[in-house]
Structures are given as C-alpha cells and as structure tokens.
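For reference, the structure is listed below as structure tokens.
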Amino acid sequence: MAQITSFNCSIFLSLSVIINLLFGSLYLHGGWDQQSWTKSAAEEVEAVASVSCSGHGRVSLERSILDGKPVCECNACYGGPDCSEFSPECVADADSGDPMFLEPFWVKHAASSTIVVPGWHRMSYEYNDGSLILKELDTQIRKLHSVIGNAVTEGRFIIFGVGSTQLLHAAVHALSTTTSDSSSPSRVVASAPYYPVYREQTEFFNSEDFKFNGDTSLYKINNGGYSQENVIEIVTSPNNPDGQLKKALLQGPSVNTINDYAYYWPHYTPIPAPADEDLMLFTLSKLTGHGGSRFG
C-alpha cells in the first residue's frame, strides 16, 4: 500500500513539474498570449468571410466592427441585406476597370494568403538601418520580376508610391523640370486610345512646366517624328484599353519616355521579352488585384 501511494505521488509530482514548465515556457515566450489573440483575430475574420452575400457582394471586417454585425457591401446592380435583389433598371458603368475578377483566386487560397499582423508591427518611420524603405520588399520585387521575366531590374532604383498614378505624375514633374532649357513647358503626349488619367491629371495640376498635347501620332506627323522641344511621351504596354503592345514613337535629345507597364504580366499578355527601359511603372492592383492597397 505504501509503495502504491509513493508511486502515485511520484506521478503527480512529475505531472506537476511538466505542467509548470509548460506554463512557464508559454509565459516567458509569450506563446500563450500569442495563441490567444491570434486565434481570436482569426475567428473574427473567418466569421465575416463565411457570409456569402448571395454571391453578389462581400462582407468587410471594418464594417462589421462599426455596425456590430456582418453587413454586405453589394456589387453594382444588386441590393438588399444579402445582395440578392437585382435591379433591372441598373446601368452598367464601363468607364473604368476594377480588378475584382481576381477575388475568387484569393478566396480559393485563403489559408496560404491570409496574414495576421499585430497592431504594433512596423510603427516607426524608419527601419533599424535608418532607411525608409524595407530592403526585403525591394529584394522580393526584383525577384518577382526576374521569375516572371517581364522587367530588367539590375542597376535600377525601385521607388514606391501611392499607386502608379502618383508615380506617373511624379515622373512627369521630374522630367519636365530637369530637361527644361527654356520658358516653354514640356509637351506631354500619349498614343490614342490612352488612359484618360494621363490627360486629366496633367491638366488638373495646371503647371507651367508641362502641358498635355494630345495624341502622340498627331504630334509625330506635325514634327516629323523628331522633336527638338521638350516632350514627355507616355507609352502604355499592353495599352489600355485595346491591349496592344506599344513602343515609343518619338525621338530626339529632349524626348523622355514614361513606360506604363501596369498590365505587362502573363495573365494579361504574352511576355516576349523583359522590359528594359529607363523608367517603368508597375502596380500591385493589376498584378494581384489588390487595387485598394494603392501600391505602385
């Protein structure tokens, strides 16, 4: 009887030591707390994602927090609490594209594409090395272009912006001010049909350094294809909206080219060769469909 009691005490003592070591390790390494808040966050996201909205909308986590319950954000022409009500009088707006066609891909790969980010992640203006741009992001962008084979990145600077639209204007501004040798503004041209923002944005800023001058072909005819005045040619390849692969049409010592390669990815067009231009624009919205990220 004494041996059994001694044996039981040994078991309980061993279990007590193991449990205390386990809890101590979780406490010291933050594992217990980490599992708790990540699990809670994951459950909250999955609860929102499980609402179907009849296949004609989606539920956003931020709206759910605001209203206290899942709220469907319906696609155009649909309404009602679950987006099941179709409006036959709805008019389709084909003014611009929205990369939502890639959404089913990310829904299908939810487990491998979902990221949990703590609220205190990267709060500083600078990284530990004093830089303002994450070197790992720069490295991954170069690696991505190398694997896809759509752009040469060696010896190039990579600049991030709030979408390629912001970078487009930054390029127009920089090229107009650095090449201007006279009081006349740089002429901004683009081959028709061109993205309306090229003209709208250039005219919106109403700068004395640059003016929108219309279609590149008309400018080429009037100047014989060779320009002696400051010209900024915007080349979109593949072009929006006709999908044609384009090259610069103008030549001359004062001609600068901005190459908009937003759609130069294999799910939009064949890639005959890596783009190798001085200034190339790419955007995450066309690569992955995450237009709301505003990352160019």
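For all residues, glycine too, the Cβ spot is worked out from N, Cα and C.
Straight from TrEMBL, the features:
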DOMAIN    36-90  domain 'Alliinase EGF-like'
DOMAIN    92-296  domain 'Alliinase C-terminal'
TRANSMEM  7-28  transmembrane segment
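On the 0 to 100 pLDDT scale, the model's mean across the domain 'Alliinase C-terminal' (92-296) is 89. With DSSP classes pooled into helix, strand and coil, the tally for the domain 'Alliinase EGF-like' (36-90) is 24 helix, 10 strand, 21 coil.
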